[in-house]
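Reading through the structure tokens given below for one structure.
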Amino acid sequence: MKNIGININTDKDISRNILDKIFQYIHEECSEAKIKVFYDSKGLDNEESRALDAVMVLGGDGTILGTARALAKYDVPIFGINRGHLGFLAEIELEDCKKAIKNLFKGQYKIEDRIMLKCDLKGIDKKDDFLALNDIVLTKGNLSRIVKYSIYVDDVWYTTFVADGVIVATPTGSTAYSLSAGGPIVYPDLDVLEIAPICPHSLGIRPILLNGNSKINIRVLKKYEDPVLTIDGQRYKKVTVNEVTISKSEYKCRLIKFKDKDYFKILRTKISYRSRECEGE
């Protein structure tokens, strides 16, 4: 492992001193290592990134999401040094950075392949790659009016309801927006997709888990303005068509996970149960 990328979120508190220390830690483990620095994911999606052995992300979970989308086509593994708020995906804290880099070069890690989503807009030429690691969300526009949606799974009608929107999430995204919409926490290596309605106007409409190979069609039956498509909470596009198709992408996000990290501990402390009675012994 000699070609290392570092993707920096310039909105975070990352001083030159921090970066110099990271350079030092890397060269202590491999004096011949070549390091390429990226800022705010610019240039990460270029073909040259295919040569990288790993990318370290200095930022928060949002920076991880952007990095994952940029590198998805190149099969480059990533891990995050948390400089954000939550740090669920970017799970390495700054004080543990040296240890993580040492373990990286010693090969003391595993790689988790995480499902990603793709989205096609019916009747529109594919000019953009709508890839998502967390979720793809179709919602009403700015008006405070609900929209009527009809959901088809593998071309079979599932249900129709009125709601503020619809979330289609991966297992990775199950701890994000869909969790707030009442969806379950899904273990990250499961091959499933989740549909979670946002504020449905019916008590009987609940989130559902589907086979990961399912094709999900969302048809907008009644609208007062063009709905909005949001990718990982970061990319935003007004939708002028009445049907959106969401399915599993052929690309995956490759997350580097170090052996001393426990998913359930991270879940307890950062997502699920922030109370003394659940801290354990």
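Note: Cβ is positioned from N, Cα and C throughout, glycine not excepted.
Secondary structure from DSSP puts ASP61 (active site, proton acceptor) in a helix. Using a 10 Å Cβ-Cβ cutoff, ASP61 (active site, proton acceptor) registers 24 neighbours. As annotated by Swiss-Prot, active site, proton acceptor applies to ASP61, with the evidence given as sequence analysis.
The NAD(+) binding site annotation in Swiss-Prot covers ASP61, GLY62, ASN134, ASP135, ARG145, ASP164, THR175, ALA176, TYR177, SER178, LEU179, SER180, GLN234. Within 10 Å of the C-beta of ARG145 (NAD(+) binding site) there are 13 other C-beta atoms, taking all protein chains into account. In the three-state DSSP scheme, ARG145 (NAD(+) binding site) is classed as coil.
Least crowded of the binding-site residues (ASN134, GLN234), judged by neighbouring Cβ atoms within 10 Å of its own Cβ: GLN234. Taking CA atoms as the reference points, ASP61 (active site, proton acceptor) and LEU179 (NAD(+) binding site) are 16 Å apart.
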